Amino acid sequence: MSVRLSLPAPAKLNLFLHILGRRDDGYHELQTLFQFLDHGDELHFEARQDGQVRLHTEIAGVPHDSNLIVRAARGLQEASGSLQGVDIWLDKRLPMGGGIGGGSSDAATTLLALNHLWQLGWDEDRIAALGLRLGADVPVFTRGRAAFAEGVGEKLTPVDIPELWYLVLVPQVLVSTAEIFSDPLLTRDSPAIKVRTVLEGDSRNDCQPVVERRYPEVRNALILLNKFVSARLTGTGGCVFGSFPNKAEADKVSALLPDHLQRFVAKGSNVSMLHRKLETLV
């Protein structure tokens, strides 16, 4: 088996996000619909035999030992008892604080890559359980299938939904998830709904009004994109998106936007590009 491996860490969208209530432990009960994008970071792994975990790519403002990639690798080491280590390089394309899963996706890719490189043989459920300790969004990336999520986001039901094209705008802000969920004006009493209701268009993102109020850059991006297509916040933002039936229409709207506004066009996918790549490995 090769001691080197390169794998993608795909972005995700929350196609809706309803907050049903607040639990006694401070976490929020929610419902959301995850779909992956064929766009993301790329990670490169090389196994080492001395047990050291080294991430060679610095992320501004994130200490090495606090990075979810490093925490995922060390967590898997500890839980599995593996004596192997790894060198990791990251090609970072996804924004931090964007609501498209950058850090969680990187952590999930790390767990799956090292399960393969270190020949641990862990099954999907065991990896997802470890991922949940790193963050509520990590299990959806380790499982790799579009899903209707409930609880704090950890109860996942795979779904088969239309794979549309998306134009995603990336306002230059770093949104604090904790700040949004602690806002006193956040809606916390939305009724539970079914996936069919979401696909019929009767849904929203409960975090969007709070994020718009706190982050003018996000509000402006929504106003701009709404001129061309129904726009929505993903997660707690700050990325916003609109859907299109094909790439040509998404590209057409993208070309009409100001040059200074960062954005990308990507296809939605019910099976993540990470898992499609893993299926090709022997």
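Each Cβ is built from the backbone N, Cα and C atoms, and glycine gets one as well.
Annotated in Swiss-Prot:
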ACT_SITE  LYS12  active site
BINDING   PRO95, MET96, GLY97, GLY98, GLY99, ILE100, GLY101, GLY102, GLY103, SER104, SER105  ATP binding site
ACT_SITE  ASP137  active site
*Going by DSSP, is LYS12 (active site) part of a helix, a strand, or coil?*
strand
_Within 10 Å of its Cβ, which one of these binding-site residues (PRO95, GLY99, GLY103) has the largest number of other Cβ atoms?_
GLY99
_Of GLY97, GLY101 (the binding-site residues), the residue whose Cβ has the fewest other Cβ atoms within 10 Å_ = GLY97
*Around ASP137 (active site), how many other CB atoms lie within 10 A of its CB?*
26
*Given the ATP site residues PRO95, MET96, GLY97, GLY98, GLY99, ILE100, GLY101, GLY102, GLY103, SER104, SER105, which other residues of that chain have a Cβ within 8 Å of the mean position of their Cβ atoms, reported in sequence order?*
ALA11, LEU94, GLY235
*Out of PRO95, GLY97, GLY101, SER105, give those binding-site residues positioned within 10 angstroms of ASP137 (active site), comparing C-alpha atoms, in sequence order.*
GLY101, SER105
*Rounded to an integer, what is the Cα-Cα distance in Å between GLY101 (ATP binding site) and LYS12 (active site)?*
6
_What's the number of neighbouring CB atoms sitting within 10 A of the CB on SER105 (ATP binding site)?_
28
